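Chemist: Could you have a look at this structure, given as structure tokens, before my questions?
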Amino acid sequence: MTKLRAIRGMNDILPEETPYWQSLERTVRALLHSYGYGEIRLPIVEHTELFKRSIGEVTDIVEKEMYTFDDRNGESMTLRPEGTASCVRAAIQNGLLAVPQRLWYAGPMFRYERPQKGRQRQFHQVGVEVFGIATPDIDAELILLSARLWRQLGIADDVTLELNSIGSNEARKAYRAALVEYLSARREQLDEDSQRRLESNPLRILDSKNPDTQALLNDAPALADYLDDEAKADFARLQALLDAAGQPYRVNPRLVRGLDYYNKTVFEWVTDRLGAQGTVCAGGRYDGLVEQLGGKATPGIGFAMGMERLVLLLSETGQALPVEQAADLYLVSMGEAAETEAMARAEALRDVFPEHRIVLHTGGGSFKSQMKKADRSGARLALIWGEDEVNAGTCAVKDLREDGGQETVAAAELPQYLRAALA
RNA sequence: GUGGCCGUAGCUCAUCGGGUAGAGCACCGGAUUGUGGCUCCGGAGGUGGGGGGUUCGAGACCCCUCGGCCACCCCA
């Protein structure tokens, strides 16, 4: 219909939705601050190589979902599909890894996928990453931090925690071989997608949605049996810490993550209230990634939250939006002299009441229509200037929310009057 | 990339292949020379996503295309 549209999957976030975003962002920011995390701001574009080397060459993200283009000098660049790779790159580049680092960032990510509920091509994440801590106490901290966030947002009852350990790279390699052997012998019983995954990413077959495939997996080798001792011990310790903190979770032995860099602890917060895209927050450990990207071997762990999905959850669960949209004062006037007076008074009132929302009617229109706009603005009070008021040096103050009563107030008295009226 | 459903006013939707495409909400004006909300009256707003075909005649039927939603894949 309209000729110019936004790019598919890249949505405008409208004024009626932004209060949810602002409230969510404010809560997240304060929480991370309180846990001692520092914000890092990262570029949206990186060398394509960064993502190929971190996420994995054969993942769907790298193979078919990246927005990749040549810069003017012929270098291949990519709109970031996720934040961890950039954060690791930045930490290495800026020498942040000499001491443990607790970092977070927020911003848009880009993946070329078919949009659906809870998924778009430009979406927003808040990512949290910790470098230099190998022990599972930090795993627990991240999980407890996220759990606290759900409580603060009022959605704790709508999300559940799933947990798994996928072990060391070596353990996973051995398990992958065993799984491939088992499934190859039963290739015909696999669904089409899983047959393909047998070549590309066999572990992903574990969380296939196909019931027949899931049934087939019941007798398959179990990842847990292949874990190395350290991964086992750390996973047990993590569970002990969560138990002690009273944090419920479900160990899901079939939880694997799509990105190559994960090892040991992986976790997801999921909800059943968002349709097919139930993962609201997910992450895990990536002890080899820093070294893989050219830094000194440094353990890492992190997670990312999908802001669109959280906003959906907040609105679907009817969680309040604390940012008040209604105006406090709406100023109207009739005639040029009154308009001049109202404009000057508006500025003076903004000096006195910087915390209040003061809307000055602009664009003319009949008095009636101005009053209608005043009502629609949601303002508590309308301040009215006409010829009489200007001549008398007064202002008519009308209560739009109560009985509609109106008082005439001398210009000099206006601040005191409004201070009482707005209290 | 695959599949299902759907594109009519700013929004939500009606309209059996037959006259000038309607309603509610929103918007503008009036009833009320300077007073919103409730009510009443009036007004403006549409290349029916786009293109082609069938037909005397298409918003409706057929084909193509673009777009939206949901699901698969994948993922936050």
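Every residue, even glycine, has its Cβ placed from backbone N, Cα and C.
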Chemist: Look at the L-histidine binding annotation in TrEMBL, where A:Glu82, A:Gly83, A:Thr84, A:Gln125, A:Glu129, A:Arg257, A:Tyr261, A:Tyr262 are given, and name the residue from A:Arg111, A:Arg148, A:Arg151, A:Arg237 listed for that site too.
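Modeler: When TrEMBL describes the L-histidine site, the candidate it includes is A:Arg111.
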Chemist: In sequence order, which residues at least six apart in the same chain have a CB under 8 Å from the CB of A:Gln125 (L-histidine binding site)?
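Modeler: Counting only residues 6 or more apart in sequence, the Cβ neighbours of A:Gln125 (L-histidine binding site) under 8 Å are A:Glu82, A:Gly83, A:Ala106, A:Gly107, A:Met109, A:Ala304, A:Met305, A:Gly306, A:Met307.
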Chemist: Near A:Thr84 (L-histidine binding site), how many other Cβ atoms are within 10 Å of its Cβ?
Modeler: 26
